[in-house]
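Here you go, one structure.
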Amino acid sequence: MNALELEQILNHKLNSQAISDYAPNGLQVEGKKDIKKIITGVTASQALIEYAVSQNADAILVHHGYFWKSENPCIRGMKGKRIKTLLVNDINLYGYHLPLDVHPELGNNARLAALLEIEDLQPLEQGTVSIPVYGTLKTPLTSDAFAARIEQVLKRKPLVCSDNAPHLIRTVGICTGGGQSYIDLAANQGVDAFISGEVSEQTIHSAREQGIHFFAAGHHATERYGIKALGEWLSQHYDLEVEFKDIDNPA
C-alpha cells in the first residue's frame, strides 16, 4: 500500500480532520512509499523504533507521536536520535492522538470500556465531540471488585480513592491517559465512579468532596487498546501485516 494512501484511510476511519488537537495527526515522518509491514505501539519511543527496525517494518503507527505544540521544535538530542533512526531506515511514522481517544469503535475510551464491561457509552461534554464518556456497568460492583477487575484486565494495580462514595458502582466516567481533570464533569453528571490513567494532587480532593470513586490505572496501560484495535482493523481490511508491540511503561 502507498504511504499516502494509508494516511488517507486512517484519516477517514478516525475522522481526524474534525477534531482539534495539540499534535499533528497523520503521517508525521515520511519514509518509503510502499508499506507492507506496520508496527503499532502506544508511543514512538526509541525502543519501539528499534524494534520496528529489527522487524524490517515499513511503518510505525502510534497514539503518541511527535511535534506537540508545547515542545521544542529543534531536532536534536533524544528527538534527533529518534527521527534520525526513522529516516536512516526509511520508516514512516503515523501518529493519531485525540481522534484515537474518542473513536466510538476503536478508541481508547471505547476499548477500555468494553474490557471493563461498561456499556451504553454517552458523552460527558457538550458539542460535536466529547473526549470523556460515561456508561453503565453490566453488573454493579463494589470498589474493591471493580479495582480487581481493572487489575486483572490491565495487569497493574490501580490507585483507588473511594472515600465518601456510594457502596456500589453502577455508572462510570472514563477518560484514558491524562484525563483526571474531567472528574468534576463526571461528578456533575452524577456518575458513581471515574477512571483515568493519571492522578493529580487535587483529583483526590475532588473525589472525596464530591463522593465519587476514582481509579487511576496508568496512562500507558489505559491507552494500549485503541492503537492495538486500529492495527487489527487495518490487518482485517487491507493486505497489511500489522504487529502490536507493547513497550511497558509503569506511568
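Cβ from N, Cα, C; glycine included.
As annotated in Swiss-Prot:
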{"type": "BINDING", "residues": "HIS63, ASP101, GLU223", "note": "divalent metal cation 1 binding site"}
{"type": "BINDING", "residues": "HIS64, HIS219, GLU223", "note": "divalent metal cation 2 binding site"}
Which are the residues of the chain, HIS63, ASP101, GLU223 excluded, whose CB is within 8 A of where the CB atoms of the divalent metal cation 1 site average out, their centroid?
VAL42, HIS64, HIS97, LEU100, GLY107, ASN108, THR176, GLY177, GLY226, ILE227
I want to check the contact list for HIS64 (divalent metal cation 2 binding site): same chain, sequence separation of six or more, C-beta distance under 8 angstroms. What comes out?
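Long-range Cβ contacts: VAL42, THR43, ALA44, GLY95, HIS97.
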For the divalent metal cation 2 site (HIS64, HIS219, GLU223), what does the 8 A shell look like? I mean other same-chain residues with CB within 8 A of the CB centroid.
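Near the divalent metal cation 2 site, the remaining chain residues are VAL42, THR43, HIS63, THR176, GLY177, GLY178, GLY197, HIS220, THR222.
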Any idea which of the binding-site residues HIS63, HIS219 has the thinnest Cβ neighbourhood at 10 Å?
HIS219
Determine, from DSSP, whether HIS63 (divalent metal cation 1 binding site) sits in helix, strand or coil.
strand
